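Have a look at the structure below before the remarks.
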């Protein structure tokens, strides 16, 4: 579980990341589709799956809006993300293993875009947070 220090570190890092959230999200989604091609199945309705395509950028923005919500609900992720969990489980039918894949891609992008801020401590805290988000999003699958 997230400690108070983890939460404070995530909130501080998010304060910097949020200014570039759309770019982070687009890069993370684009990276996921390229590095983990099995994830393309969820986006087969898009005419263009290239990393810089408008659909990838739009979905990246959507993902980061969800992360912003998670940061705001950091004290109760399970209830705070319940609606998103239901949407992913019942409407989109996303395999919850993909949450971890996208989380990893986000960590890579954030490390690349924010090397000064992405300290080992920040890395651990953000990784724990994204794991907690993945778990909360998996809630309705049970």
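Backbone N, Cα and C define each Cβ position, glycine as well.
Pulled from Swiss-Prot, these are the features on record:
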type	residues	note
MOD_RES	1	N-acetylserine
DOMAIN	1-142	domain 'Globin'
BINDING	59	O2 binding site
BINDING	88	heme b binding site
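Structural mapping of features recorded in Swiss-Prot.
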{"residue": "1", "record": "N-acetylserine", "Cβ contacts under 8 Å, 6 or more apart": "132"}
{"residue": "59", "record": "O2 binding site", "Cβ contacts under 8 Å, 6 or more apart": "25, 26, 29, 43"}
{"residue": "88", "record": "heme b binding site", "Cβ contacts under 8 Å, 6 or more apart": "94, 96, 137, 140"}
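Secondary structure from DSSP puts residue 88 (heme b binding site) in a helix. Secondary structure at the residue listed as 'N-acetylserine', as computed by DSSP, is coil.
In three-state terms derived from DSSP, the residue listed as 'O2 binding site' belongs to a helical segment. Note on the domain 'Globin' (1-142): its mean pLDDT in the predicted model is 96.
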